C-alpha cells in the first residue's frame, strides 16, 4: 500500500489527490497532510482520511483545528514551515505528493528527498527556483521524482521504455489560456474574473493567471529541462486549443509519441501515485470521433513575452529562474488583489529579472537569497 504524505491538501491538486485515494482505499492511505488556513475543508479531510500528522499555515490555524476536532480522535498538529517539512519526512509515508503553490515547496521537497521518499511533484516552482540543487540531491539519494503536471506526466509516459539519447525534442502543448483570442490591446482592460476563467482546466487562482500570461508554460519549460535533463533547444512549445494532446516526444527517427486524454488532473495524479501500475479511474473517456478535429498553432513569443523570458532565464541558469519565479509570484498576487493591471505582471517580472546579476552555480542559500531579493524588488517596482 502507498502511504501518502500530502502537501497542499486543500488546494486543487490536493483535493483531486484525495478523490483518487477515496476511490482506491485498498491501495492508498493518507498518513500525513499539510494545508494553509482553510480549516473548514481541512477539518472534513482529517475526519475522513484520519492522518497521523497534520500541518497548518500558522499557530492560529493550529489552535482552530484542535478546537474543531475536540472530543474526537486527533492527529498530531504542527504548523508553519517546520510543519511542512515534518509532514514531508513523516516516517510512515513512502510517497510524498507536493501540491503546495509557490517556492514554499522547495524546503519540504528537499526534506522528502533526504528522507528517501518517492515524490509526486505537482509544485513546479520547486524546480524552477531550485532545479540544480533538488535534482542533484535526488540523484545522490536515489529518489524518484514523478511529475504530476499533465504535460510532464505525458512526456514521462512517452519516454517509458525509450533511451534519452534517442530523443530529438519534447513538445509541450499549451491551450493559450483565458485570453488566447484577445489582442495585446484588449489585454490592457481585462479583469481578474475574466483571467480566472480557463477554457479547459479547473485549477487554482495563481496557476490560472500563469496560464493566461503563459508564464505557466515558461515554468514548465524550465521544469522539463531539469526533469528530463534536456537542453532548452530540445524543448518546444506549441499551441493546442483543445488540451487533448497533453504533450509529445519526437525521436531521432521522426517518430512522435503523444499522450492523449480528456482534461482531468486526476489522471496524472493517479499515474504518479500508482506508477508503474495503471488503475481504473472513473473519468470521462476520450471520444476522438466526437472531438473530430484537433487544432494547433505556432507559439507566438511576442504575444507571450513571459514565455520568451522563461527561456532566457533558463538558458542564463543559476539564480535567474529563482528570481523569475519570485517576481512572478509577487506580480500575480498584486494583480489578484487589484493593485496592478494584467499586463503589468509582465512589466514587473521583466524589470526584476533584468535588474538581477545572478549567481552562476548557486547553493540553496544563494537561491533563497535571490528569491528574497526578487520579492522585495518586485514590490517596489510596481
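Placed from the backbone N, Cα and C atoms, the Cβ positions cover glycine too.
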**Prompt:** Same NADPH site as 10, 11, 12, 13, 36, 38, 123, 125 according to Swiss-Prot: which of 204, 218, 261, 314?
**Reply:** 204
**Prompt:** Looking at Swiss-Prot, 149, 151 are annotated for Mn(2+). Which of 82, 85, 220 sits in that same site?
**Reply:** 220
**Surrounding CB atoms that lie within 10 Å of the CB of residue 216 (1-deoxy-D-xylulose 5-phosphate binding site), all protein chains** = 26
**Prompt:** Quick one: what's DSSP say for residue 151 (1-deoxy-D-xylulose 5-phosphate binding site), helix, strand or coil?
**Reply:** helix
**Complete:** By Cα geometry, the one of the binding-site residues (124, 151, 216, 220) nearest residue 10 (NADPH binding site) is 124
**Complete:** The rounded CA-CA distance in Å from residue 149 (Mn(2+) binding site) to residue 204 (NADPH binding site) is 13
**Fill in**
Across 10, 12, 123, listed as binding-site residues, the smallest other-CB tally within 10 A is for 12
**Message:** Residues other than 149, 151, 220 within 8 Å, Cβ to Cβ centroid, of the Mn(2+) site?
**Reply:** 124, 147, 150, 152, 153, 172, 216, 217, 219, 223, 224, 247
**Spatial separation of residue 204 (NADPH binding site) from residue 151 (1-deoxy-D-xylulose 5-phosphate binding site) - C-alpha basis, Å** = 17
